[in-house]
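Sequence annotations record features per position, and here Swiss-Prot assigns ATP binding site to G170, D171, R172, Q173, T174, G175, K176, T177. Swiss-Prot lists S363 with the feature site 'Required for activity', giving sequence analysis as the kind of evidence.
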Amino acid sequence: MATLRADEISNIIRERIEQYTTEVKIVNTGTVLQVGDGIARIHGLDEVMAGELVEFEEGTIGIALNLESNNVGVVLMGDGLMIQEGSSVKATGRIAQIPVSEAYLGRVINALAKPIDGRGEIPASESRLIESPAPGIISRRSVYEPMQTGLIAIDSMIPIGRGQRELIIGDRQTGKTAVATDTILNQKGQNVICVYVAIGQKASSVAQVVTTFQEQGAMEYTIVVAETADAPATLQYLAPYTGAALAEYFMYRERHTSIIYDDPSKQAQAYRQMSLLLRRPPGREAYPGDVFYLHSRLLERAAKSSSRLGEGSMTALPIVETQAGDVSAYIPTNVISITDGQIFLSADLFNSGIRPAINVGISVSRVGSAAQIKAMKQVAGKLKLELAQFAELEAFAQFASDLDKATQNQLARGQRLRELLKQSQAAPLTVGEQILTIYTGTNGYLDSLEIGQVKKFLVELRTYLKTNKPQFQEIISSTKTLTEEAEVLLKEAIQEQTERFILQEQT
């Protein structure tokens, strides 16, 4: 039997001691005191940061929001049904972030940027913080490029520019989402990346929007971020920031992006739920004191980048639902004060058949004609003036029995102008088609037609101009101006089409 000598034993021990490395790993842990309603209270976690991600024993992730003297209030990113009192929690040392890449285009994801469309994982090599600071003053430039929505009423009278924040506000079922989705459809071929964020919506509504995008070929440049009504409040609260992080990724790569939040009032409700459960003091309408900051830090991330940063842009279109037209409620007034203008949708107009139901009188864009091409400025000024005069006259005419000829003519013109603003859903018009439509109306070419004939006449006129006078569209596209040559072509087309139309109607 082999025996070990004493010196061999000492050599082995010495080698082992030399190989030993001291590695101290300090893990910041805590214990669950209480859990329920999407909130957990944790004892310990002494060095946790505000907003840091924490991981529970069974894998659920949470965010530390309340740092109190004897416990930490954590909001859960899942249902947390498996979390038990006394189970351990560890701090991760990370703030919430998501992977980002071009591969997200055409996909439907949740607030954690995980795919929910059943088409497999999304490859990504980079990541971005969900909440990153908004661009500073020096990093921005003023808005000057138009972002066409394809809707005549908006592009002519309430123009939106790239980098602007324009609120879409109105009662339920007035076509708010339709205005936003039409804007996305109109970005086809414009090299604009679109992000649609659905917060607390019905799953069927989101599915309908996604189907529309797929049918119209808009998904190839669109990302849909969805947290439906059955999602935990934490995820509904995070969804808009996830969408903004994805849009920022493209903006800082010198691309133009557009983001729709549908709708921030649902996010505010989710945040109110979280805050009340965390026992934060309630304020007006039981919202917490920092609900303004909730939306301002989100919407301030939309910007037009300076030339040093590559002139990318992020245009934000938040949608807010009002109750019985009350825009003086807390969330609507907050968002109105943060944004650069608002588009009011009226239930009365919607029910009377004027769709999109935009109330032009009280809608406003604070960027104004800086976000219009010259050709649109040339025709839109007259339209806005005539519609304003018509609205005034119409109210007066209800009480007057006998009107003079000039007033009757002005009322007839106004009715036809209002008719030309009507558009079907998912049928956006190009700038050239909009200019032609407005020019026809404001110059009295529709006055001889019956109101019921206006829509049919305009559809045929657009087709006729496209087929027989393609130079018109070329001039508008290249010069962005309604030149004399373009005006001559337009007048010829209107005259020829009017003659054809009258003959058709007679036969």
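Just so you know, glycine gets a Cβ as well, placed from its N, Cα and C.
When each of the recorded positions Q173, T174, T177, S363 is scored by how many other Cβ atoms sit within 10 Å of its Cβ, Q173 comes out lowest. Closest by Cα distance to S363 (site 'Required for activity'), from the binding-site residues G170, G175, K176, T177, is G170. Between the binding-site residues R172, K176, the minimum number of other C-beta atoms within 10 Å of a residue's C-beta occurs at R172. Residues near G170 (ATP binding site) in space but far in sequence (CB under 8 A, at least 6 apart, same chain), listed by position: K176, E321, T322, F344, L345, S346, A347, A357. The DSSP secondary structure for K176 (ATP binding site) is helix.
Counting only same-chain residues six or more apart in sequence, the Cβ atoms lying under 8 angstroms from the Cβ of D171 (ATP binding site) belong to E321, T322, Q323, A324, G325, L345, A347. Same-chain residues with CB within 8 A of the center of the G170, D171, R172, Q173, T174, G175, K176, T177 CB atoms, the ATP site residues themselves not counted, are E321, L345, A347, F350, A357. Long-range C-beta contacts of G175 (ATP binding site), restricted to its own chain and to partners at least six residues apart, with a cutoff below 8 Å, comprise L345, F350, R355, P356, A357, Q425.
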